[in-house]
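A.B. asks: Annotation comment: TrEMBL describes 13-447 as domain 'Major facilitator superfamily (MFS) profile'. Taken from TrEMBL, the feature transmembrane segment covers 9-33, 53-76, 83-102, 108-127, 148-169, 175-196, 261-284, 299-319, 326-349, 355-381, 393-414, 420-441.
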Amino acid sequence: MSGGGTTGALLYAVSAAVLGMLQFGFNTGVINAPREFIENFINENYSVNSGTVFSVIVSIFAIGGMIGCPLASWIADKRGRKFALIVNAAFGVIGAVFMGFSKVSTSLAMLIIGRFLIGINCGFATTASPTYVSEVAPVRLRGAFGTVNQLAVAFGLVGGQILGIDVILGSNEGWPWLLGLAIVPSAVQCVMLPFAPESPRYLLLVQRDEEQARRALTKIRGTTEIDDEIKDMHDEDRAEKQEEKFTVGDLLRMESLRTPMIIGIVMHLSQQLGGINAVLYYSASIFVSTGLTERDARLASIGVGSMLFIMALVSIPLMDRLGRRTLQLCGLGGMTLFSILMTIAFFTYENNTTMSVFAVLFTLLYVAFFGVGPSSIPWMILSELFGQGARSAAVSVGALVNWFANFIVGLTFIPLSDLLGNFVFLPFTILLIIFFAFTYFKLPETKNRTIEEVTALFKK
């Protein structure tokens, strides 16, 4: 088989790497169901406001994420992609142990530290895993393998929500086990990664070790016919050397870079401030507030994760057929509509089972429209708006903004919900309308355009 097919070695390497993204999905979804048990644990052992402390437990994850992103870039460039992934798996194991033993040790600090460490692990993974996967995948399969990352996130999310139902681990005894299960993906990575190949691109272009790069590439491609691919890497490297490197400061100073940077930042903000994480972190609480029992609310939460998984599959073929701009507008428009309908349902569900069901249905449709575009496009769009010289600075700014907005939503949703009651989605709805208008007027279509054509749009 010559050049770009899938081989056992390639699938092994990708599987080992995307476990980090599965970890990210699992830890986003897992905190949802055990809220009342964790709050009981806090109330029994500490005289603090359990709602506020729970907000901290939820949101400290994103602070860890903000540290993990730049750390991943730094270690991956210094010591290699594979080494970075192994270091990160160790972080995951330690974080999971802290969370798992927090109740036995009656230690709230262990729970918060564990959640913080697992946040570093997940932030790290959102940078290191896609980089490694895109570097080992053949060019023509890069898009398809890129979406494997999104599928792994959705799969982890559903897994976390299923394990959180009361008959499994959603109980007073079960919740430390539930959080501690985060050890599994990281432990499996610790076993798998040492046998995975290093990124040939890293070996060739950073380490300047062509012999090792050829060995790794031959293994991944399952063929010795790799001269063309090595040549392509060298060509890309030469082109990259001729392009000037831009720093984060340049992105803000130069107008031809500032405009796409602002677009990228707004795309990332639209992903988080449209309210999706309020639903992912707190859907069980939202469903209880619409009149469902605790048990039904947890089952309905599984629907949220499943919907994201299905939409990740659906959006793969649509991405290149309809284009990024169309899907992003379609997603934001649908989210706006259903966040308005959710608010209406929240007001009319009292003694009205039909409206309770509609509230859940509207929430699921809101999540479905998120899956159409806003879930994956912000992560893709920055690498399509910038040339090689500015890309890595732009992508890291985007990731940082994303995690920061994630933190804000995680921290403020409970106080916001106490303050606004049934109007809790109103701020998100207003922001969604603003994001829709911005996307409509500012985002160019990148489908079937080369990087040169896209960057030329901003130089006018």
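Each residue, glycine too, has its Cβ placed from N, Cα and C.
Bear in mind that TrEMBL entries carry predicted annotations, made automatically and left uncurated.
Given the structure is predicted, the values throughout are model-derived calculations rather than measurements.
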A.B. asks: Where among 9-33, 175-196, 261-284 do we find the most Cβ pairs under 8 Å to the transmembrane segment (53-76)?
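C.D. replies: The stretch with the most contacts is 9-33.
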A.B. asks: Which sequence positions outside the transmembrane segment (9-33), separated from its termini by at least 6 residues, show Cβ-Cβ distances below 8 Å to it?
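C.D. replies: For the transmembrane segment (9-33), the list is 57-58, 61, 85, 88-89, 92, 115, 118-119, 121-122, 124-126, 128-130, 132-133, 136-138, 145, 148-150, 152-161, 163-165, 170, 178-179, 181-182, 185-186, 188-189, 192-193, 195-197, 219-222, 277, 280-284, 298, 301, 305.
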A.B. asks: Count, for each of 175-196, 326-349, 355-381, the Cβ pairs lying under 8 Å from the transmembrane segment (299-319), and report the range with the highest count.
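C.D. replies: The stretch I would name here is 355-381.
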A.B. asks: For the transmembrane segment (108-127), could you work out the same-chain residues 6 or more beyond its ends whose Cβ comes under 8 Å from its Cβ atoms?
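C.D. replies: Sequence-distant neighbours of the transmembrane segment (108-127): 20-21, 23-24, 27-28, 31, 38, 42, 45-46, 53, 56-57, 60-69, 71-73, 76, 84, 88-89, 91-92, 94-102, 179, 182, 186, 396, 399, 403.
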A.B. asks: Who are the chain neighbours of the transmembrane segment (420-441) in space, where the CB to CB distance is under 8 Å and they lie at least 6 residues beyond its ends?
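C.D. replies: Beyond its ends, the transmembrane segment (420-441) has Cβ neighbours at 266-267, 269-270, 273-275, 278, 325, 328-329, 332-333, 335-336, 339-340, 342-343, 346-347, 413.
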A.B. asks: Against which stretches of its own chain does the transmembrane segment (261-284) lie, if we need a Cβ under 8 Å and a gap of at least six residues from its ends?
C.D. replies: 28-29, 31-33, 35, 58, 157, 164, 251-252, 294, 297-298, 300-301, 304, 328, 332, 335, 339, 363, 366-367, 370, 374-375, 377-378, 381-382, 385, 394, 397-399, 401-402, 405-406, 408-410, 413-414, 417, 424-425, 428, 431-432, 435, 438-439, 442-443
A.B. asks: I need to check the long-range neighbours of the transmembrane segment (355-381): which residues 6 or more away from its ends have a CB within less than 8 Å of a CB in the stretch?
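C.D. replies: Contacts of the transmembrane segment (355-381) (Cβ under 8 Å, skipping residues fewer than 6 from its ends): 130, 146-147, 150, 154, 263-264, 267-268, 270-271, 274, 276, 279, 283, 286-287, 290-292, 300, 303-304, 307-308, 310-312, 314-315, 318-319, 324, 327-335, 337-339, 341-342, 345-346, 348-349, 398, 402, 443, 446.
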A.B. asks: Looking only at the domain 'Major facilitator superfamily (MFS) profile' (13-447), what is the model's average confidence as pLDDT?
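C.D. replies: 91, rounded to a whole number.
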